[in-house]
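Positions annotated as active site, proton acceptor by Swiss-Prot: Asp252. Summarising the annotation, Swiss-Prot assigns active site, proton donor to Lys274. Swiss-Prot lists Glu22, Thr23, Pro43, Asp44 with the feature NAD(+) binding site, giving sequence analysis as the kind of evidence. Here Swiss-Prot flags Pro229, Gly305, Gly306, Asp307, Ile310, Thr335, Ala336, Met387, Ala416 as S-adenosyl-L-methionine binding site. Sequence annotations record features per position, and here Swiss-Prot assigns phosphoserine to Ser130 based on sequence analysis. The region 'Precorrin-2 dehydrogenase /sirohydrochlorin ferrochelatase' annotation in Swiss-Prot covers 1-205 and is backed by sequence analysis. What Swiss-Prot lists as region 'Uroporphyrinogen-III C-methyltransferase' is 220-495. Taken from Swiss-Prot, the feature region 'Disordered' applies to 471-495.
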Amino acid sequence: MDHYPIFLNLHGRHCVVIGGNETAARKGEDLLDSGAIITLIAPDLGGDCEDLLQRYPDRAHHRAEDYKPGMEQGAALVLSASGHDATDRLVYRQCTRLGIPVNTVDRPEYCSYITPAVVDRSPLQVAITSGGAAPVLARQVRSQIETLLPTAYGRLAALAGRLRERVAAVLPTGRQRLRFWEQVFDGPAAESMLAGREREAEQAMLELLRREQARRDERGEVYLVGAGPGDPDLLTFRALRLMQRADVVLYDHLAAPGLLRLVRKDAERIPVGKRRGQHTLPQEAINDKLIELAAAGKRVLRLKGGDPFIFGRGGEEIEGLIEHGIPFQVVPAVTAAQGAAAYAGIPLTHRDHAQSCRFLTGHRRHGALELGQWAPFRSDETLVVYMGLTHLETVSAQLQAGGLPPDQPAAAVDQATTPAQRVITAPLAELPERVRTARLQGPALIVVGATVTLQPQLGWYHSSPNAEPAFPEHGCLRGEPRPTRHPAPADTEQA
């Protein structure tokens, strides 16, 4: 973050506004609305500033002279809207020397703080800022948020504030209170408030509080959530909602690290590994951990790359939950195969090239790779091999032994759907050498089939040659140094 967001309590505190123009009036009114006492410093005032003095006679004052050093003494903050560079620079230097927060309108170089665009549903407030880089964009974002937040949210927040101490007295643990408030804001109480029935909303809150007080079952729940192939924009709404609700998150290295920033800030985060052939926790230990945490009353998010039921061991994990009577939800996702194929421009099916598609795994429970058991492989189908990067030579050989010709089109899609995505295409027999030369970062999917020939014309996603790895913990091929990204003429490399 370029700036640390903070809300100041200015009730009864003195603030200085330098300038007597329309901008000074607008900024001064914002301060007055926040409960501040202001002094406008300018030889003359425009009509808007005069209006402020009349409407706020006890809290808005005028000092009819040009700014001089020392006039800012004792101010909680200073806002300069003089419109004169020399004055603005002098104000900034003086305030900086004295440690007084100062903002200069449209001059970010003369600011020690910035004023955001605000959506006001007091006591609920949303602040949006571009850090001074694009104020118009910040205002447009504010306009969009304005349409999403009903004005009744302010009354709902005020009602919650009035009941907060009562709730704290009845529900002693933070987890109980969190569960209660989530049900309030996502249930009948909120709906009643939005419909204008405030009395009914309060009754619904009190009834829910009585039920929660009587509740003795502190058993938690497990959310088995697919994180998708890597791009956070491909998350489902339900996945995002549960990520914000979880008390603890168990995640593997196939879930892009950027996704963890979308998890509730105070949620405990537990890495459980899972990169090629290496596991921070064995699968059995992960299963036991889910049961242990849920039995302790926690809402547990199991965040898995791709879809939990496609080579994600989701079935193994929920078997133990069922055995122990732990409630759970499964949230599907855009699969790694779907995401990689779509972003690489490789259709999985096509009327002219592939009438079927099969998903295979390059990783077996007991280590042995035996793709031949799924033979014969046909040239008019698309094969997607998960976790095949490490053993790509074996994958290539077994697919050829199963019926595919050496020149069958094939591709490796690395870090799919992220800015670091790379696509390597080559005949099946040559793909392992091409991938080794490219030193892919992983994770990667292998796509084999005639539809790969369409990639040059259908590839639409342009990754960044200098992008940082999207999965920095995933590592390189065994025994190889970590690659350094260098600019390339294109994000697709072909043999």
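Counting starts with 1 at the first residue shown.
Backbone N, Cα and C define each Cβ position, glycine as well.
Known features from Swiss-Prot, placed on the structure.
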residue: Glu22; record: NAD(+) binding site; contacts (Cβ under 8 Å, 6+ apart): Gly46, Asp48
residue: Thr23; record: NAD(+) binding site; contacts (Cβ under 8 Å, 6+ apart): Ala81, Gly83, Val105
residue: Pro43; record: NAD(+) binding site; contacts (Cβ under 8 Å, 6+ apart): Gly20, Ala64, Glu65, Asp66
residue: Asp44; record: NAD(+) binding site; contacts (Cβ under 8 Å, 6+ apart): Gly20, Ala64
residue: Ser130; record: phosphoserine; contacts (Cβ under 8 Å, 6+ apart): Leu137, Ala138
residue: Pro229; record: S-adenosyl-L-methionine binding site; contacts (Cβ under 8 Å, 6+ apart): Gly305, Gly306, Val334, Thr335, Ala336, Gln338, Gly339, Ala340, Tyr343, Ala416, Thr417
residue: Ile310; record: S-adenosyl-L-methionine binding site; contacts (Cβ under 8 Å, 6+ apart): Thr335, Ala336, Ala337, Phe359, Tyr386
Per DSSP, three-state class assigned to Pro43 (NAD(+) binding site): coil
Secondary-structure category, per DSSP, in which Gly306 (S-adenosyl-L-methionine binding site) falls: strand
Residues Pro229, Gly305, Gly306, Asp307, Ile310, Thr335, Ala336, Met387, Ala416 binding S-adenosyl-L-methionine per the record - widest CA separation, whole Å: 16
Residue with minimal Cβ packing [other Cβ atoms within 10 Å] among the recorded positions Asp252, Gly306, Ala336: Asp252
For Ala416 (S-adenosyl-L-methionine binding site), the number of other Cβ atoms found within 10 Å of its own Cβ: 29
Residues flanking the S-adenosyl-L-methionine site, with Cβ no more than 8 Å from the Cβ centroid of Pro229, Gly305, Gly306, Asp307, Ile310, Thr335, Ala336, Met387, Ala416 and excluding those residues themselves: Gly228, Leu254, Phe311, Gly312, Ala333, Ala337, Gln338, Gly339, Ala340, Tyr386, Leu445
Reduced DSSP assignment, Asp252 (active site, proton acceptor): coil
Integer average pLDDT (0 to 100) for the region 'Uroporphyrinogen-III C-methyltransferase' (220-495): 86
Ala416 (S-adenosyl-L-methionine binding site) - helix vs strand vs coil (DSSP): coil
